[in-house]
Amino acid sequence: MKRLAVLTSGGDAPGMNAAIRAIVRASVYYNAEIYGVYRGYKGLMEGELVHMDAASVGDIVHKGGTILKSARSKAFKTEEGRSKAVEQLNAFGIDGLVVIGGDGSFMGAEKLNELGFPTIALPGTIDNDLNYTDYSIGFDTAVNTVLEAVTKIRDTSTSHEKATIIEVMGRNCGDIALHAGVSGGAESIIIPEEPVDTAEVIAKLRKGQKQGKEHQIIMLAEGANQAQLLQNELLERAEVNARVSVLGFIQRGGDPTGRDRILASKMGVRAVEMLLNGVSNHAVGIRHDKLYEIPIADALKEEKQLDEEMYKLTQILSI
Ligand code: ADP
């Protein structure tokens, strides 16, 4: 009987639990044993492995965060740390590991494969900054969380007839801002992939004022600028007194959307099937609504492609 393990690492994301559930249940379905590793690579090095069964993952598909906890580990970045991790995996008799996390976690997974340990990586990050996949687990929930905030901010901005800069997460990726901006009806969307001159933002604000808009929303990706800097610039250059709302970590929490749960479920089952079929050193991604497998090294090399169609929407809809 094969014995597999799963861990969540780096920044947590809603839907990680649905992925853990899928991995555990698929392992049981295919007659494999499954262990959960607590606290990512840190827990792996320290041997925090626990046997799981179908019941261990009951009642978690709808919950944000990760029941296995997540962590960051500097020690795992050293050869010594990684050999400790492999020693633990061998001591527990594990044959294959699924890592759910962002690009840092993927690098760690690749290193485990280099040491000869079969590992599969699943994209778990709200940032959607793993370019090989159209969507990562957690992204859809984060967009919806931002949308809820936009709706609330709209109410108060309308009352005060003010412009609001909403700064959202995503590191160097503007996807949360782009998707939440389009679906939330933002007047301006500022993302790192498509730098916008502040003069353009000011022109939009002026135009909106002339059109009698009661409020305006500027959706700003954290990788493009800081909300406070933009606020100062708008005040100095155009005497626009905009409000600032930096959404922060609320974007990491919350119940995963149906879409994230489905993505996580599909990817989790696929990861188990891959390991049981002898596939390792691959990541699972989704392109044009179909799951696919790609070597982790290639997944990490993929360059960001701006969704031109989506970006064009921002131009058309915010006139
Ligand atoms: P995320 O996976 O969300 O991008 P991090 O970048 O913090 O989060 O990565 C998570 C963990 O992955 C790190 O704490 C570290 O243990 C491991 N890791 C990151 N980069 C590397 C690397 N180059 N080699 C080995 N392990 C790495």
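From the backbone N, Cα and C atoms, a Cβ is placed for every residue, glycine too.
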**Request:** From the candidates E193, E194, E222, give the one listed by TrEMBL for the same substrate site as T125, I126, D127, M169, G170, R171, R243.
**Result:** E222
**Complete:** Among G11, G174, G181, G184, the candidate listed by TrEMBL alongside R72, S73, G102, D103, G104, S105 for ATP is G11
**Request:** May I ask you to find which of R82, R154, R252, R259 TrEMBL records for the ADP site already listed with R21, A22, I23, V24, R25, G185, A186, E187, K213, E214, H215?
**Result:** R154
**Complete:** Excluding G11, R72, S73, G102, D103, G104, S105 themselves, the ATP site's Cβ centre has within 8 Å the residues S9, G10, G40, G101, G108
**Message:** Under DSSP, is R243 (substrate binding site) part of a helix or a strand, or is it coil?
**Reply:** strand
**Message:** On the three-state reduction of DSSP, what should I expect for R25 (ADP binding site)?
**Reply:** helix
**Message:** Just to be sure I understand the contacts, which binding-site residues have a Cβ under 6 angstroms from any atom of ligand 1? Candidates are I23, S73, E187.
**Reply:** S73
**Asked** Restricting the comparison to the binding-site residues S73, G104, T125, which residue's C-alpha is spatially nearest the C-alpha of E214 (ADP binding site)?
**Response** T125
**Complete:** When pLDDT is averaged across the domain 'Phosphofructokinase' (3-275), the result is 96
**Request:** Select the closest residue to T125 (substrate binding site) from the following binding-site residues, measuring between CA atoms: G11, R25, S73, D103.
**Result:** G11
